[in-house]
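What Swiss-Prot annotates here:
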- 1-74: region 'Disordered' (REGION)
- 21-42: compositional bias 'Low complexity' (COMPBIAS)
- ASN32: N-linked glycosylation site (CARBOHYD)
- 45-61: compositional bias 'Basic and acidic residues' (COMPBIAS)
- ASN74: N-linked glycosylation site (CARBOHYD)
- 87-107: transmembrane segment (TRANSMEM)
- 131-151: transmembrane segment (TRANSMEM)
- 161-181: transmembrane segment (TRANSMEM)
- 184-204: transmembrane segment (TRANSMEM)
- 242-262: transmembrane segment (TRANSMEM)
- 278-298: transmembrane segment (TRANSMEM)
- 311-331: transmembrane segment (TRANSMEM)
- ASN348: N-linked glycosylation site (CARBOHYD)
- 359-379: transmembrane segment (TRANSMEM)
- 389-409: transmembrane segment (TRANSMEM)
- 450-470: transmembrane segment (TRANSMEM)
- 482-502: transmembrane segment (TRANSMEM)
- 552-572: transmembrane segment (TRANSMEM)
Amino acid sequence: MADEKRTSIEEPGTPMSYSTAASPELLSSSNNASALPAYPSSQTKQDKESLSHDQAVRVEPESSTPLTDSVEDNESGAKVKKDLHFWIIFSALMLIAFVAALDMTMISTALPAITANLPPSTIAANWITSAFLLPMVASQPIFGGLSCSIGRKWSINSALVIFLVGSVVCATAKTFLVLVIGRGIQGLGGGGIHSMCEIIMSDLTTLRERGLFFGVIALVFAVAGFAAPVLGGVFSEHSWPWIFWINLPIGAISLVLLIIFLNIRVPLLTGKEKWQKLDLVGNAVLFGSVTAILIAVTEGGIKYRWSAWQIWVPLVVGLLGIMLFLVIEWVPNRIAPKPVFPLDLFRNRTASVAYVQTFVHGVIFYGVIYMVPIYFQAIKDRTPLQSAIWSFPLSAPSFPFAMGAGVLISITGKYKLLIFCGWMLMAAGIGWMTHWHVGTSKFEWAFSQVILGAGLGIMFPITLPPIQAALPASRLESATAAYAFTRTFGAVWGITAATTIFSTQAAKNLRPYYDQLNPLGLSDFTVVAFSEQLRNLPQPIQGVVKGVYADAISDSYWLFVPLAIIGFFTTFGMKELPLPDFIKSEAKLEQKQDVTPALKSSAAHAVVNVKTEVPSTLP
């Protein structure tokens, strides 16, 4: 009816809603003036012009529920309180981030046991890792778009369900092929988990706080980095499928908590805008390009020579595809009107440098974490569990240094000096590790890991705040998704390049001995997976193989030294931007409140959906 408006009151945090008829007088009464601002005063001119006659309009009250103790909302200036609601969401996000990070690196320690328990296959063992990383990288921009289209809750929950399905496939796999497929499904969900955790935390925290909370996230990754080889070693010695079964109870608990408590309202989009946000063409080109590059670097030097067409053709196609992707994203066109990587993300010098440093940090962190257990198993005759314990000096310093860096950013709002310190420690630590050999002493391998771990820990929480400080709030989702993509893309190159250098060098230097080694199971395809079995080789061939492995591992570490130096010098190109103490996000956390039927002022904290007939010409 023209003289009656139908008002739906949605109680945040609950799936049910109810409707009541409200007269125009009630909506405009003085008692409710603060709770329900007169429509359409809360809409911009552009919003008014895009409204349809039936469109539901979300009206946000001027006096909103506080979300944190010490921050002000960037629009209303209201004090925000982090109550139990917030901490439940935060805890659930940290749990699923932990299991996703765990599965990213835990497989490296258990790889020899998995290889020994599955039927022989022509699939290279490092594809178990690559199959996880490829969809993980490609899915992060997609979930960034989904978070705007279907909302934060269903994006993160969808990613979690996909990850758990992949875990079941991996745990029940009886062949290498099925295991690789399961890892691919896991990676698809894992990419969404990583991207959405950072987007949601950016919604709920201020730029100043973000250093602290991302320090906690870094702590989670550091704990996962230490726990992964330990758990991988334990499970590989008893039952390797539990590497994947362990994800189910943790994931199920988190899923229930997020369904109940996570209710973040994002700006309304039309159906067309939602599709545009997904950027299907751009994401398809990116996925194909990353796939081609990963095939080339994974198979190069192992299954085929680097000069073979089977390697350089996909490599060239992948690099050309990346160039095409950038053209699609950066040149205005109808194919990608709302690109996942808009050009303005990289027009700001500070943001661009931070993205480069995020990539380099991902390369070094994941490459080193993957290679260190191989050194201890192959050279020092350690079991998977023992190699994890001997890797503790690398992970242990990451805990306090990540948290310390986050706290310092939160207190001072400064980050450049910390970044300089992080790169210096990383360069010193990895430089020392290039001198590891068969006879390296405990002091040398332990202390060099401590130095590197401190630098890696410092860098975890401090590259995202300058990115978000340099860009407008409207770019938060795309900027954060690009950050997650950049770091994981670095992980792909770090793990793949390190294992490729190691495998190529070891295979090349072992070929003269293959007449003795092939009957024992060592070949170009099994160089990485065979590391645990070196201690079972007869003398003197065991000493020869250990020397070759030690040199190959040292060669892989040399890759990271110039990267750390580059990271240090790029810091001079950053500006020390202020980190304001307000929430820089267009999304809002909805909290459960009591709503009275009379719509008194106590209902000011509710989210009201007003469905009304909108005149064709709005004032």
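Each residue, glycine too, has its Cβ placed from N, Cα and C.
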Verify whether three or more Cβ pairs under 8 angstroms connect the transmembrane segment (242-262) with the transmembrane segment (87-107), leaving out any pair fewer than 6 apart in sequence.
yes
Best-contacting stretch, by C-beta pairs under 8 Å, relative to the transmembrane segment (482-502) and drawn from 161-181, 278-298, 359-379, 450-470
359-379
Report, as numbers and ranges, every residue of the chain located at least six residues beyond the transmembrane segment (359-379) whose Cβ falls under 8 Å of a Cβ in that stretch; write 'none' if there are none.
104-105, 108-109, 112, 129, 225, 228-229, 386-388, 390-391, 394, 426, 430, 433, 436, 438, 445, 449, 452, 456, 459-460, 463, 486-491, 493-495, 497-499, 502, 528, 531-532, 534, 546, 549-550, 553, 556-557, 559-560, 563-564, 566-567
